[in-house]
Amino acid sequence: MRTDAILSLAALRQLEQDAAHHGLDLMAQAARATADWVGGHQPPGARVLVAAGPGNNGGDALQAALLLHQRGYHVDLLLPATPTSPATQAALQALLAAGLQPRPTLAEDTPPPALIIDGLFGIGLARDFAAPWLGTIRQLNALAIPILALDTPSGLDPYRGTVANVAIRASHTLTFLSHKPGLYMAAGADLAGQVELAPLDYPSELCPAAEGELNRPLALLPARANNSHKGRFGCVLVIGGAHGLLGAALLAGRAAYAGGAGKVHLATLDDRLAVDPAAPELMIQALEPSTTLPRADTVAIGPGLGQGSNARQWLARLLDTDVPLLLDADALNLLAGDSALQQVLSRRQGETVLTPHPAEAARLLACSTAEVQADRLAAARALAQRLDSVVVLKGAGSLIVRPDGYYRLNTSGGPALAVAGQGDVLSGLVAALLAQGLAAFDAAALGVHLHGLAGDAYTRAEQGPVGLSASATVPLLSRMINQARTGVHG
């Protein structure tokens, strides 16, 4: 299986069952992967506290504890409850035979470990914690010692990124068989730490189909021949910029140029801007009901659009064309309040990309933002299917979803991008990639990834995420593209 593939929970369970029927011991493999990981991060003789739960996640941890003991590590065992899984019971007996005695609680006289292994609960947990687990997890977090979580931090839903009443805050997560989306999005982005995959070994014929993949799209960058001209790189039209909101349209237009578009037009509802002094190459015209729009390979509508009648009329006209469209911001808000427009969108032949943040997605789905965040993947899939569009659900771990439900999970970017105007920048960038001929799913995935890389580059250069404005992000986009082409990163 590809190492970027994501299996659904049902597919993962089926794979575990099929492996068992073939006589494969995945628990032993997970334990070896864990012990090998520890060997790469801590020297023999280091003290390791292994916290094990009653189920199979605890079995992974207990088998790893025995291997670490055999490799010369000082292993302390925390076992708050009696094992319930046969494999975990067998692992405990092997530890007892080796002379290791578990404790049900953390003892005050236990020497501080160099590392904690969290094997309390795995991917099957679906409830809040009560005693003794609630106190145990709080105690482990309070130790302020690096924690390696096995498969997922205990208490974190590895598919939704949501948290029970408490969760382990891991410095590292070693996840098995397949990536899990919740490790990268929502609360998981803060709780899982550095995530590494241990794919384990099983026959290829047992591998189920992936439901998604980590977003690794740089190979999709359009090639550029030396013998080129601006017409080969597409024309983008940005529609927006109502009174008081011109900046949003300007950001999108500038980002479209930074993303490689050959020409960029702006059609603004506010007629008071004839030229952008910072980017005079932007061709700007006022948008009136009688305006003839320039021909474009892609149209981005929404940045600073407003929700007036003129804005709705232009949105309706564009939805009735076959030109590739990107809809953001107020274009999404207009859609949310107009079922007729939604029906037109769902029937259009041209490719469409929607880029909502959680609140905009909630309006489109007629639910609360909290409901969207409680299951981001389900929300994005529902939107993509209902509106027959590629949906980018922005946020920590942005999701790029096709109408058939297949998705890419983005892992670049971070809090540096959590500032006004970044959505407009992303819109212009994705529109530029669409105009250069990429399919909607690929353009959206590549744009989201590059935008995230720009935020990461700023964070590295400034040693922190604070202070990146949307306008300062624009020149970083072309830098990310050029570095990706040459393989040189700074």
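A Cβ is built for glycine as well, from the same backbone N, Cα and C atoms used for every other residue.
Per TrEMBL, (6S)-NADPHX binding site is recorded for 56-60, 122-128, Asp151, Ala248, Gly304, His357, Asp424. His357 ((6S)-NADPHX binding site) carries neither a helix nor a strand DSSP state and counts as coil. Taking a C-beta cut-off of under 8 angstroms and a sequence separation of 6 or more, His357 ((6S)-NADPHX binding site) has the following same-chain neighbours: Leu393, Lys394, Gly395, Gly423.
Cβ neighbour count for Ser154 (K(+) binding site) (all protein chains, 10 Å cutoff from its Cβ): 28. The feature K(+) binding site is assigned by TrEMBL to Asn57, Asp118, Ser154.
According to DSSP, Ser398 (AMP binding site) is assigned to coil rather than to any helix or strand. Around the Cβ of Ser398 (AMP binding site), a 10 Å sphere holds 29 further Cβ atoms from the protein chains shown. The AMP binding site annotation in TrEMBL covers Lys394, Gly395, Ala396, Gly397, Ser398, Gly423.
Annotation source TrEMBL lists domain 'YjeF N-terminal' at 12-208.
Annotated domain 'YjeF C-terminal' per TrEMBL: 213-484, in sequence order.
Residues Lys394, Gly395, Ala396, Gly397, Ser398, Gly423 are the ones the record ties to AMP, and the longest Cα gap between any two of them is 15 Å. Same-chain residues that are not part of Asn57, Asp118, Ser154 yet have a Cβ within 8 Å of the Cβ center of the K(+) site turn out to be Ala51, Gly53, Gly58, Ala61, Gly119, Leu120, Phe121, Gly122, Ala149, Leu150, Asp151, Thr152, Pro153, Ile168. Cα proximity to Asp118 (K(+) binding site) (within 10 Å) is found for the following binding-site residues from Asn56, Asp151, Ala396, Gly397, Ser398: Asp151. The Cβ of Gly59 ((6S)-NADPHX binding site) lies under 8 Å from the Cβ of Met27, Ala52, Pro83, Ser85, Ala87, Thr88, Ala90, Ala91, Gly119, each on the same chain and at least six residues away in sequence.
With Ser154 (K(+) binding site) as the anchor, the candidate binding-site residues are Asn56, Ile123, Ser398, and the one with the nearest CA is Ile123. According to DSSP, Asp118 (K(+) binding site) is assigned to a strand segment. Counting every protein chain shown, the number of other Cβ atoms lying within 10 Å of the Cβ of Gly423 (AMP binding site) is 24. When the binding-site residues Asn56, Asn57 are compared by the number of other CB atoms within 10 angstroms of each CB, Asn56 has the fewest.
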